[in-house]
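Engineer: This is the structure I want to talk about, given as structure tokens.
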């Protein structure tokens with residue numbers, strides 16, 4: 001173990017097996033908090049390699065509680081966070097719209113670590129309880145097309161790293177791992193990342209996991225599709241990886257200034273998202289959520305992004321998403 005630690009401290013990449021062994025130690029609580037802080041910051045400064053991400057992911061998944069296998073296509077839509085953008089919870093909002101469109105969504109959720117508002121924090125403001133049993137989550141999925149898997153419930157070993165992550169208050173390898181650790185092993189996924197450097201490595205990892213189709217997104221330091229800048233896309237489809245760029249006009253919507261999608265605390269984000277789903281929200285945020293939902297719809301074979309966006313907008317303005325939120329809060 002000392003040899004592995006010295007390699008990290010000296011700026012060398014670990015092999016997949018070295019990373020796996022290291023994170024087995026970490027997730028078993030065998031590394032003290034001072035060492036863990038040094039490891040995470042050293043990896044961050046060096047830049048986490050594909051092999052390091054893969055090894056760490058395998059170690060974390062081995063200790064996770066799996067979610068029952070589904071016999072149909074379903075998706076996650078999730079971001080690494082850590083992009084420092086303070087945008088509203090776009091992925092969570094888009095998951096709710098997608099489910100209202102009839103898609104099956106199993107979203108991996110957590111409270112905020114390196115930002116102001118995580119998916120759990122927003123859902124809590126809507127009185128949606130996601131800290132529920134597997135059976136209850138499955139019932140929610142069956143009845144309402146969506147369920148939310150609360151990360152601490154399925155990844156108990158993360159208790160060994162939570163304090164350090166909160167103290168560091170910066171993105172680390174665990175931000176990268178989050179979207180890869182959904183206990184349901186979704187065949188489809190939209191994954192937002194905070195850096196273009198992560199796009200190809202994550203696509204390679206998803207390919208090794210035999211994912212059916214995945215779309216990885218990045219836009220001007222934000223881990224979502226945005227309408228103020230081009231959005232970089234890396235797509236895994238039929239075991240082939242391609243990269244391309246999308247623009248606001250790709251979705252048939254308007255350009256919007258970055259400052260118009262800013263959020264804040266969970267309470268502030270709740271007020272914004274509530275207005276959107278009541279049909280009274282800012283057009284910039286409404287169209288941004290619709291564009292992200294369009295990507296989600298594309299995963300399920302609906303290839304026309306402009307039609308997808310218009311359909312998502314229709315669903316939002318119908319009030320059906322807000323009605324689904326009310327149903328979820330009663331579950």
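From the backbone N, Cα and C atoms, a Cβ is placed for every residue, glycine too.
Pulled these from Swiss-Prot:
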- 79, 110: anthranilate 1 binding site (BINDING)
- 79, 82-83, 87, 89-92, 107-115, 119: 5-phospho-alpha-D-ribose 1-diphosphate binding site (BINDING)
- 91, 224: Mg(2+) 1 binding site (BINDING)
- 165: anthranilate 2 binding site (BINDING)
- 223, 224: Mg(2+) 2 binding site (BINDING)
Engineer: If I restrict to non-local contacts, at least six residues apart, and a C-beta distance under 8 angstroms, what lies near residue 79 (anthranilate 1 binding site) in its own chain?
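Structural biologist: Those within reach of residue 79 (anthranilate 1 binding site), by Cβ under 8 Å and sequence separation of 6 or more, are 90, 91, 179, 191, 192, 193, 194, 223, 224.
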Engineer: Can you check which residues sit near residue 108 (5-phospho-alpha-D-ribose 1-diphosphate binding site), meaning Cβ under 8 Å from its Cβ, same chain, 6 or more apart in sequence, and list them in order?
Structural biologist: 76, 78, 149, 151, 178, 179, 181, 182, 183, 184
Engineer: Write out the long-range same-chain contacts of residue 111 (5-phospho-alpha-D-ribose 1-diphosphate binding site), meaning residues 6 or more apart in sequence whose Cβ is under 8 Å from its Cβ.
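Structural biologist: Listed in sequence order: 118, 120, 121.
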Engineer: For residue 110 (anthranilate 1 binding site), what is the tally of other C-beta atoms lying within 10 angstroms of its C-beta?
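Structural biologist: Here the count is 22.
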Engineer: Given the binding-site residues 87, 223, which one has the fewest other C-beta atoms within 10 angstroms of its C-beta?
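Structural biologist: So among 87, 223, the binding-site residues given, the one with the fewest Cβ atoms within 10 Å is 87.
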Engineer: Quick one: Cα separation, residue 110 (anthranilate 1 binding site) versus residue 165 (anthranilate 2 binding site), in Å?
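Structural biologist: Checking the Cα atoms of residue 110 (anthranilate 1 binding site) and residue 165 (anthranilate 2 binding site) gives a distance of 13 Å.
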Engineer: What is the separation, in Å, between the Cα atoms of residue 165 (anthranilate 2 binding site) and residue 87 (5-phospho-alpha-D-ribose 1-diphosphate binding site)?
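Structural biologist: So the Cα of residue 87 (5-phospho-alpha-D-ribose 1-diphosphate binding site) lies 21 Å away from that of residue 165 (anthranilate 2 binding site).
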